[in-house]
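Under the heading N6,N6,N6-trimethyllysine, Swiss-Prot lists LYS4. The substrate binding site annotation in Swiss-Prot covers ASN113, THR163, LYS167, ARG285, HIS317, SER369. Under the heading active site, proton acceptor, Swiss-Prot lists LYS165, HIS284. Per Swiss-Prot, Mg(2+) binding site is recorded for LYS191, ASP193, GLU194. Under the heading N6-carboxylysine, Swiss-Prot lists LYS191. For LYS324, the entry in Swiss-Prot reads site 'Transition state stabilizer'.
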Amino acid sequence: VGFKAGVKEYKLTYYTPTYETKDTDILAAFRVTPQPGVPPEEAGAAVAAESSTGTWITVWTDGLTSLDRYKGRCYHIEPVAGEESQFIAYVAYPLDLFEEGSVTNMFTSIVGNVFGFKALRALRLEDLRIPVAYVKTFQGPPHGIQVERDKLNKYGRPLLGCTIKPKLGLSAKNYGRAVYECLRGGLDFTKDDENVNSQPFMRWRDRFLFCAEALYKAQAETGEIKGHYLNATAGTCEEMMKRAIFARELGVPIVMHDYLTGGFTANTSLAHYCRDNGLLLHIHRAMHAVIDRQKNHGIHFRVLAKALRMSGGDHIHSGTVVGKLEGEREITLGFVDLLRDDFVEKDRSRGIYFTQDWVSLPGVLPVASGGIHVWHMPALTEIFGDDSVLQFGGGTLGHPWGNAPGAVANRVALEACVQARNEGRDLAREGNEIIREASKWSPELAAACEVWKEIKFEFEAMDTL
């Protein structure tokens, strides 16, 4: 057959509704909004083509390879209820298209080019199914949930954290003092804010030293293991590693990284270092809403969460369901399960498009953070369960008596909720009463209850099904 030049419709090659997906394929669910007049099959096929082997024209060198072996295929299209112009296109990618152990390469292939495509008005990657064969090429989280509990010797309850505020402007010594007060009061962790790196008012090395001093002092006084998430994020990978190495030399238990602004390549390098050197790795998702907040365009956070589990991190921020930041309950619980569990069944009511088998990849602790306070404690304990980190920044440091009493209030509230749950009480129904009872014997909690009794952030979540 001679080579026939010319532009042909994508769907002739890339729309294959009879295709049986393989266990080794990476499967993607895209929410596609085509330009008027572009039929769904053509739009779905265009997505498959442009994110795999295709280009806009038949090329001579197509004859030198086997397209059937390497092309992405749009194998199913379904309408979106209530949205005339949108549909879900399912695309299968052969495993050979991807470099082993590289989240960077996976994203460059699947979402790197196709989002600017003219025939589409909007495109959103809703979910990915990562095949076991590909999962096994990743190290994943440095330690995972069980190893973290063993390192910290803390079981049977969520962990408590606090972001040090004001996030910018404190000197290293005053910053360390705030860390000490919070840990001394009963928190497990304190945290650098995501944008605390190494600024003129507080260079990273000074902060690391004062925070290490604070946590050792609090550890000695409370007999509990304490941690402060030292943010190693930096302008270059070399500088990031230098900071992580210094943290290890100080003997602290945990460091932190902003995985989206820092990038997946840097994140995976840091995760490997953390596993080799016994450091836990806390991950902040700064910039995620730029990517995941629009309903019809971008990448859903559940995909970014899966990518983080592959790249590596022991904690990741995942919304609160109840505080000031985005997150609808069922959807949030869907990706929380994808972070923690070994095996997650397909469940469209929770936004999970594919059954995901993580085999033995360690799990990640979800971190609830943002506008939460003691009155939220029963709901958070019920929604997130034991394997989570509950982080109260303003909800600790905003206590009228100061940081340590703020920490005491949170710890008492948490212990009361865990005890009530273990006794079989219904946290959703009796939550306020449980907190009130506990506040009778904790003046710190009583003061916190008074301050936060009426604060709510009431807006509709954008991220609904």
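Even glycines carry a Cβ here, placed using N, Cα and C.
Overlay of Swiss-Prot feature records on the structure.
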residue : record                       : Cβ within 10 Å
ASN113  : substrate binding site       : 12
LYS165  : active site, proton acceptor : 16
LYS167  : substrate binding site       : 14
LYS191  : Mg(2+) binding site          : 29
ASP193  : Mg(2+) binding site          : 18
GLU194  : Mg(2+) binding site          : 22
HIS284  : active site, proton acceptor : 28
ARG285  : substrate binding site       : 23
HIS317  : substrate binding site       : 22
SER369  : substrate binding site       : 25
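Counting only the Cα atoms, the space from ASP193 (Mg(2+) binding site) to HIS317 (substrate binding site) is about 12 angstrom. Cα-Cα distance from GLU194 (Mg(2+) binding site) to HIS317 (substrate binding site): 11 Å (rounded to the nearest whole number). Residue density at THR163 (substrate binding site): 24 other Cβ atoms are found within 10 A of its Cβ, drawing on all protein chains shown. If you take the CA of LYS191 (Mg(2+) binding site) and look 10 A around it, the binding-site residues you hit from ASN113, THR163, HIS317, SER369 are THR163. Separating the Cα atoms of LYS165 (active site, proton acceptor) and SER369 (substrate binding site) is a whole-number distance of 13 Å. Compute the center of the Cβ atoms of LYS191, ASP193, GLU194, which mark the site for Mg(2+); besides them, the chain residues with Cβ within 8 Å of that center are THR163, ILE164, LYS167, ASP192, ASN195, VAL196, TYR229, ASN231, MET256, HIS284. DSSP assigns LYS167 (substrate binding site) to coil in the three-state reduction, placing it in neither a helix nor a strand.
According to DSSP, ASP193 (Mg(2+) binding site) sits in a coil region rather than a helix or strand. Distance from the CA of HIS284 (active site, proton acceptor) to the CA of HIS317 (substrate binding site) is 6 Å.
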